[in-house]
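Written below as structure tokens is the structure these notes are about.
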Amino acid sequence: MWPQDPSRKEVLRFAVSCRILTLMLQALFNAIIPDHHAEAFSPPRLAPSGFVDQLVDGLLGGLSRWDAEHFLFIAEHGYLYEHNFAFFPGFPLALMVGTELLRPLRGLLTLRSCLLISVASLNFLFFMLAAVALHDLGCLVLHCPRQAFYAALLFCLSPANVFLAAGYSEALFALLTFSAMGQLERGRVWTSGLLFAIATGVRSNGLVSVGFLMHSQCQGFFSSLTMLNPLRQLFKLMASLFLSVFTLGLPFALFQYYAYTQFCLPGSARPIPEPLVQLAVDKGYRIAEGNEPPWCFWDVPLIYSYIQDVYWNVGFLKYYKLRQVPNFLLAAPVAILVVWATWTYVTTHPWLCLTLGLQRSKNNKTLEKPNLGFLSPKVFVYLVHAAVLLLFGGSHQVFGLLHSYCVLVSSSLASGSRAAVEILKDCALEAYCRGLPTRTKGPQKSYHGTFVSLENLFSSHTIHSRLLPDLLAPGTTPTLQLPALDMTWTLQGQAGSRLNPGV
């Protein structure tokens, strides 16, 4: 069982430490820094708040900014406004379940306060489990426990973690996606498909994950093509591909149909509190009681595409404006990392990429030593996933860098393809260290540059630099001990040894 695995224990402990620190900093900065008054969604509070509610808001109110307000509003009132349908129901449903568990506290807290507590506690749990799931996935894909361990730590330290802590759906989506990928790597296709489908009900870019199922099924088809009846295998492949697309598309389609019943069919409107009706009048929000929106008359009435265009101005090159240069710079590190890693992988495995990861070499009879780490053939589909989200997925299931908000590309990759991005980060570190002298050549000054890079990477922790030359030498594996937030590097001298937190 996973609790007995030392490396998983360290990942879990590190994730807990990072999340506690994030929540503490959130409360501190929420108290000392005035809120920015932006033209963002800010519905009125219908229930009076008491002293305990004000205390909860002071401690956790920083988690309810920007899009988090939409999720909290949906969990409290449902989908009342048209633009609420940009946010899928998976995370609000989870918040409602968490709020039901807090029902004994309803005498002291309002529903809003219970939702804030649910956001903090559930995303805490989702984040920890996602870190462990990513570590397990890395071990399965990379066959290199060290890189899997680093990838999980980088996931915990990513700047995009603000989206994983706040009242956003990224943490839940990351957990479901990593778990689905892990199940697929273990050959459990049905379980993987179910988890991917649930993830699609949490975020729209879960639709892109159908590529994992389709690629796995195509691999099975080509591997059995020479041994079994080709026509039968082809029919089985087509049925599997159709079922995969249907399973992952069903949550999206049902959600669109629900929106259609609310806004396009007569008699579907429900009572709305007067303050919320007044907010719709003041802000120009459409509610179900008004005239039918234009998307109701489309051949394929998709409210999602309409909302992105009308409310968020998402469209081809619409975001390319001079005033958005800072946001492009914010998204640049992740974009550059994905581009660089893609180029490195393609130039290393040209034939594998030309055959879409289905054939490693032109001569199948040639015995090749399998690559470990980032250059493993299993990484291909994850790299493609990251590139697709970067270019076409973005944050709103439309063109990422060409259509959508570049400031949110990082958050999309943070949840949608963090498995690939964290592996890419570790690949960058490996590539930097690849040219360093080995331990047998004695201490070298060039180790200093690597120490500086690692120290910057884990800037909030203590690193014992005297062990770094051994750490970077071939055949060694680092061990982390994490009492509180202190990180101590120790050494396992045997090649291929596992992480041992008991040193």
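Placed from the backbone N, Cα and C atoms, the Cβ positions cover glycine too.
Given the structure is predicted, the values throughout are model-derived calculations rather than measurements.
So that you can see what the record holds, here are the features copied from TrEMBL:
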- 12-33: transmembrane segment (TRANSMEM)
- 85-102: transmembrane segment (TRANSMEM)
- 114-135: transmembrane segment (TRANSMEM)
- 147-168: transmembrane segment (TRANSMEM)
- 189-214: transmembrane segment (TRANSMEM)
- 234-260: transmembrane segment (TRANSMEM)
- 328-346: transmembrane segment (TRANSMEM)
- 379-402: transmembrane segment (TRANSMEM)
**Message:** With a cut-off of 8 Å between Cβ atoms, can you find at least three pairs linking the transmembrane segment (234-260) to the transmembrane segment (85-102)? Only pairs 6 or more residues apart in sequence count.
**Reply:** yes
**Asked** Is the count of Cβ pairs under 8 Å between the transmembrane segment (189-214) and the transmembrane segment (85-102), pairs 6 or more apart in sequence, 3 or more?
**Response** yes
**Request:** Using Cβ atoms only, state whether the transmembrane segment (114-135) and the transmembrane segment (85-102) have three or more pairs under 8 Å that are 6 or more apart in sequence.
**Result:** yes
